[in-house]
Amino acid sequence: MSSKCESVKPQLVNEVLGYWDLLKPKIMYLVVLTGITGMIIAPGNIHPFIGIISTLCIALGSGAAGAINMWYDSDIDALMQRTKNRPIPSGKIARSTAIELGLVLSVISVTVMMIAVNYLSGILLAISIGFYSLVYTMYLKRRTPQNIVIGGIAGALPPIIGWTSVTNAISIESLILFLIIFVWTPPHFWALSLLNYQEYEKAKVPMLPVTHGIFTTKIYILVYSIILFIITLLPGIFLKDCLLYETCAIPLGMTFVFHAFKVFVSINHYKYKAMFTYSIAYLFILFICIIISSF
């Protein structure tokens with residue numbers, strides 16, 4: 001009896017971890033942080049309970065989009081070294097289970113957001129899930145090298161959703177936060193695509209290095225990084241502690257551009273990986289700086 005229990009435990013743990021991975025938790029963490037940032041810097045007050053509900057809905061919505069993405073992309077995930085161990089290709093989770101979970105979480109997150117918070121936030125959450133799942137995953141990703149650029153709209157919406165959870169309105173401040181994430185997304189993913197362009201080519205995914213070459217991709221990364229640096233100066237206009245924010249944002253942005261420049265002049269894969277890794281830390285730190293500078 002005890003041996004049976006011991007054999008069931010690892011299986012159960014693997015299944016639970018499979019479900020968790022299906023929700024793309026690394027993306028979820030960033031989505032939640034940017035959503036909370038929108039809530040914190042928005043004018044007015046939000047009841048703590050409503051804030052928690054809004055945060056949970058944003059997290060569930062992100063997880064729902066991740067599950068639908070993994071369901072649809074399971075065929076190409078199985079072909080790529082980087083993604084072959086994801087829950088569906090590895091056999092941890094069935095494809096049918098993934099889409100069912102994604103749809104259920106989508107309905108729950110949007111419905112609860114509409115009822116408990118406000119309709120505008122619920123509608124924006126639905127747009128974010130739908131854009132990532134339908135427009136990016138099912139249409140853009142396999143058809144155009146601009147997949148990441150246009151698809152970035154979905155990932156850039158959470159700070160607006162957080163803002164509208166408090167104000168029930170969209171403002172220029174929330175749009176600036178949207179713009180930061182929107183412009184950050186392409187160089188972040190293009191750095192990853194430089195690392196794995198041969199796998200994308202094998203899976204017939206038209207990422208920029210596959211369709212336009214490595215050199216062109218490097219130019220795009222550098223240009224977008226410079227534009228991002230300029231845009232990240234804008235929150236200083238409306239944050240309470242402008243000096244503190246700019247003291248953080250300027251060196252962070254300069255380092256981002258420096259990494260992009262190193263990618264541009266190098267053929268070393270370690271530079272590509274360093275750019276990708278830094279870009280993740282960069283956005284986390286930048287949005288934490290925005291939160292701190294709002295007090």
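Even glycines carry a Cβ here, placed using N, Cα and C.
Features as listed in Swiss-Prot:
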TRANSMEM  27-47  transmembrane segment
TRANSMEM  48-68  transmembrane segment
TRANSMEM  93-115  transmembrane segment
TRANSMEM  119-136  transmembrane segment
TRANSMEM  147-167  transmembrane segment
TRANSMEM  175-195  transmembrane segment
TRANSMEM  219-239  transmembrane segment
TRANSMEM  247-267  transmembrane segment
TRANSMEM  275-295  transmembrane segment
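Outside the transmembrane segment (93-115), and at least 6 residues removed from its termini, the chain residues within Cβ reach (under 8 Å) are 15, 18-19, 22-23, 53-54, 56-58, 60-61, 63-68, 70-71, 74, 87, 121-123, 125-126, 129, 133. Outside the transmembrane segment (147-167), and at least 6 residues removed from its termini, the chain residues within Cβ reach (under 8 Å) are 27, 31-32, 34-46, 50-51, 54, 58, 62, 65, 117-118, 120-121, 124-125, 127-129, 131-132, 135-136, 140-141, 173-175, 177-182, 185-186, 189-190, 206-208. Beyond its flanks by at least six residues, the transmembrane segment (275-295) meets 30, 33-34, 36-37, 40-41, 177, 180-181, 184, 187-188, 191-192, 195, 221, 232, 235, 239-242, 244-245, 248-249, 252, 255-256, 259-260, 262-263 of its own chain at Cβ-Cβ distances under 8 Å.
Away from its own ends, the transmembrane segment (27-47) comes close to residues 54-55, 58-59, 62-63, 66, 155, 158-167, 173-174, 177, 181, 238-239, 280, 283-284, 287-288, 290-291, 294 of its chain (Cβ-Cβ under 8 Å, at least six residues beyond either end). Sequence-distant contacts of the transmembrane segment (247-267) (same chain, at least 6 residues past either end, Cβ-Cβ under 8 Å): 187, 191, 194, 218-219, 221-222, 224-226, 228-229, 232-233, 235-236, 274-275, 278-279, 282, 285-286, 289, 293.
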